[in-house]
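Q: Take this structure first; my questions come after.
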Amino acid sequence: MNPTVQQLTDWDKRYVWHAFTQMACYEPLIIESAEGCELIDIEGRLLLDGVSSMWCNVHGHCHPAINAAITEQLNNVAHVTNLGCSNSTAIRLAKRLADLTPGDLNHSFFCSDGASALEVALKLAFQYWHQCDSPQPKKTSYIGFEDAYHGDTIGTISVGGIDQFNAVFKPLMFPVKRLPIPDRRVPAEASACAHHLRLLEETLQQHHETIAAVVIEPLVLGAAGMIVQPAGYLKGVRELTQKYNVLMIADEVAVGLGRTGKMFACEHEEVIPDILCLGKGLSGGYLPMSAAIATTEIWNAYLGDFGEAKQLCHGHTFGGNPLGAAASLATLDLFETEQTLAQLPAKISRISEHLTKLKEHPHVGDVRQCGMIAAVELVRDKASGEHFLWTDRHGHQVCQFALNHGVWIRPLGDVLVIMPPLSVSLDQIDKLCEVIAAGIHHVTQAKDLT
Ligand SMILES: *Cc1c(COP(=O)(O)O)cnc(C)c1O
């Protein structure tokens, strides 16, 4: 007999340990199915997927083309190891990514999660300096950014900068030089870009001999609250890494695959990193699939006779899994057949129209947007930018309101995230933003009256 809704709810609270969730006060939302941009929960409620199921869905749920590609692959073989062995689907994906990525980012190391792709990138950069033409084995450290997010493994929290998540793990983390990133909520906006590039240059001047790589989320710091970098910053970072002979790792796990309006965020600034990491949307958000894509310069440093032992000793059991690769190829095909990127400008401007209106609200301190990524930041006091008490969970309350009005979104503290699948319709954007506006009004008005 199938379990009842009540049983599933009870078991979910008792037996499933959810990510980033206080299980003592967890209230289950149980999804049974989905179609397009809508999720359907166990009680049959239709919910607009306002955050692409944690920023990863691209062309909508249950897309017939992606489903068919996975099914076809399933009927051939579900899994093949990539340790000294291959499968035709992963090979085709690697070729496709080599053609699609800028420059000579031609060599894909496949993993399963974003964090594992970042771990590979960190190791690739580290070992590169031992094996490149003029080895610099003292390059053993990294430069990262305050509030950056690259995943939750020990290596990725070391280069990440969200102290609120990671303070307890400090003793496990390796030291990283951490710099602030320009944030336009901070005054002196106009000079921010130059100022922060100067900070980076000072650090590189002093420490470049010990720095293997700079690790950056291009254009937008996601988990930090969708902090958008000023134009020219990414390009400036790239120029400085080249000037000081340091590698650049671009973490496009969140911003890659069309999110910013172009296929890769780096393309906005004509930047070609040394290693580009993809995840989340790579498989359309269907299956675990990620990649660390390296340039030929890095690839070459790992080539040699067997006895030289220059290979990267790293692997994940399901890296390059053919089901994930099939979903990824179908996802890339859909960018062409559905002309996904060509449809985005209209959707992006529709979102900005809504943001312009939302910005007027007395409890909206800032609105931010980069392509199909948008955020609305709630504040207690608009003039001073003073925030609400984080424990009052205003962001969460707005999301609860939205849930009761057919929209599923997840906040980052008091920052509301608007990040629907790229296939979202203009009507759905209207609904998403109107419900958020009503939610903000509802939650903050209640506050003002008390
Ligand atoms: C989500 C995310 C990661 C981690 O990916 P997982 O698949 O959750 O391990 C890394 N970097 C960025 C920028 C992300 O948004």
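Backbone N, Cα and C atoms are what each Cβ position is placed from, and that goes for glycine too.
Bear in mind that the values here come from a model prediction, so they are computed numbers and not experimental data.
Positions annotated as pyridoxal 5'-phosphate binding site by TrEMBL: Gly114, Ala115, Asp251, His316, Thr317. What TrEMBL lists as substrate binding site is Tyr149, Lys280, Gly315, Arg410. Per TrEMBL, N6-(pyridoxal phosphate)lysine is recorded for Lys280.
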Q: Could you tell me which of these binding-site residues, Tyr149, Asp251, has the fewest other Cβ atoms within 10 Å of its Cβ?
A: Tyr149
Q: Is Thr317 (pyridoxal 5'-phosphate binding site) helix, strand or coil when read with DSSP?
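A: Assignment for Thr317 (pyridoxal 5'-phosphate binding site) reads coil.
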Q: List, in residue order, those binding-site residues out of Gly114, Ala115, Gly315, His316 with a Cβ under 6 Å from any atom belonging to ligand 1.
A: Gly114, Ala115
Q: Measure the Cβ-based neighbour count of Thr317 (pyridoxal 5'-phosphate binding site), defined as the other Cβ atoms within 10 Å of its Cβ.
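A: There are 10 of them.
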Q: Please report the distance from the Cα of Lys280 (substrate binding site) to the Cα of Gly114 (pyridoxal 5'-phosphate binding site), rounded to the nearest angstrom.
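A: Between the Cα atoms of Lys280 (substrate binding site) and Gly114 (pyridoxal 5'-phosphate binding site), the distance comes to 7 Å.
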Q: So among the binding-site residues Lys280, His316, who's got the most Cβ atoms within 10 Å?
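A: Result for the most crowded candidate: Lys280.
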Q: Comparing the binding-site residues Gly114, Gly315, which residue's C-beta has the most other C-beta atoms within 10 angstroms in this structure?
A: Gly114
Q: Relative to the Cβ of Arg410 (substrate binding site), which residues of the same chain, six or more apart in sequence, are found under 8 Å away?
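A: Set apart from Arg410 (substrate binding site) by at least 6 residues yet with Cβ under 8 Å, we have Val51, Met54, Cys399, Val417.
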Q: Measuring Cα to Cα, how many Å separate Ala115 (pyridoxal 5'-phosphate binding site) from Tyr149 (substrate binding site)?
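A: Taking the Cα atoms only, Ala115 (pyridoxal 5'-phosphate binding site) lies 10 Å from Tyr149 (substrate binding site).
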Q: Can you tell me how many other Cβ atoms are located within 10 Å of the Cβ belonging to Ala115 (pyridoxal 5'-phosphate binding site)?
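A: Its Cβ shell of radius 10 Å holds 23 other Cβ atoms.
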Q: Between His316 (pyridoxal 5'-phosphate binding site) and Tyr149 (substrate binding site), how many Å separate their Cα atoms?
A: 21
Q: Per DSSP, to which secondary structure element type does Arg410 (substrate binding site) belong, with helix, strand and coil as the options?
A: coil
Q: Distance check, please: Cα of Gly114 (pyridoxal 5'-phosphate binding site) against Cα of Gly315 (substrate binding site), rounded to an integer number of angstrom.
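A: Pair distance, Cα basis, whole Å: 14 Å.
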